[in-house]
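Annotated features in TrEMBL:
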- Ser79, Glu100, Ala101, Gly108, Val173, Asp209, His224, Met276, Arg286, Met287, Gly288: substrate binding site (BINDING)
- Cys207: 2,3-didehydroalanine (Cys) (MOD_RES)
Amino acid sequence: MAPAQTLEATQTDVLNHNGKGTLKGLAGSEVDVLENYEGQYRFAPIEEAQVSRAMIKRYFETMYERAISDVVIVGAGSSGLTCAYQLASMRPDLKITIVEANVAPGGGAWLGGQLMTPMVIRKPADRFLREIGVPYEDEGAYVVVKHAALFTSTLLSRVLAMPNVVMMNATAVEDLIIHEDHKGQQRVSGVVTNWTLVALNHDTQSCMDPNTITAPVIVTATGHDGPMGAFSAKRMVSAGLLKELGNMRGLDMNRSEPAIVNNTREVAPGLVMTGMELSEHDGKNRMGPTFGGMIASGIKAAHETLRVLDSVTVVRGKVVA
């Protein structure tokens, strides 16, 4: 028989060394369970409605609570996740909400170049790998993680374990909330959201209105141009906050990575831009399959976000002074 494991649960008697025991239900009734891998495994019974209610209660409580957030991060690729990790680590008091359009977070950081698995990261961004506990091979000027998914899954699990961070994936940002602030200038004040499958089908159905999240700072990390890429940069043009896109230039790793990191900033009041979206906004080179710039840009975005927050007075998610 495989080694038994101790079961820990609310109102639970500890299982004995054979993995056998009883669970005390909410009404005091006892349920027989057994962890056994020789054909006798027995689960505690459950009703389908309990599963539904467990999910609905928690998800919609989160939506209700995060309707006003301290920071919204749009996009859960390498720069967005790094920003979330850094920001939550420095300020555990902040309510950080990540909105990701895809079902699977991680953006393009699950693989290296041309669908190959190793991930190359130039120094000094390798320090971040040591901080989150990702092993690598040192090649001098750069390091190599054996599989990009090792980096992304580790970072994702570290971020989601933080109590002040929530993620709403399969959720698209359809628009930006833009208000006139106390200075009379246009300020990005939140995001307009919808289920991604709804956002992709506005042309096939009747009007399906969205939802909103209010926040004093939005970090946009939607990547370079693509199906939903460079969203905020493109919306800035149509909203009159930016005259025109700079458009991403050709690949040059040595120019691209420092340009992206050093130009990570608040591009409009209330909107911090990070990662490859900056290449479209500023007209910078693309970097291809090297990820140090994404990591460092995410870290800088966290610092820029705190700089913005420290410079304003916020009441109920709105900048008032």
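Backbone N, Cα and C atoms are what each Cβ position is placed from, and that goes for glycine too.
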Separation of alpha carbons, the residue listed as '2,3-didehydroalanine (Cys)' and His224 (substrate binding site) (Å): 29
Between the residue listed as '2,3-didehydroalanine (Cys)' and Val173 (substrate binding site), the C-alpha gap once rounded to whole angstrom: 16
Residue, out of the recorded positions Ala101, Cys207, whose Cβ gathers the largest set of other Cβ atoms within 10 Å: Ala101
Binding-site residues (His224, Arg286), the one with most neighbouring Cβ atoms at 10 Å: His224
Long-range Cβ environment of Ser79 (substrate binding site), under 8 Å and at least 6 residues apart: Ala221, Thr274, Gly275, Met276, Met294, Ile295, Ser297, Gly298, Ala301
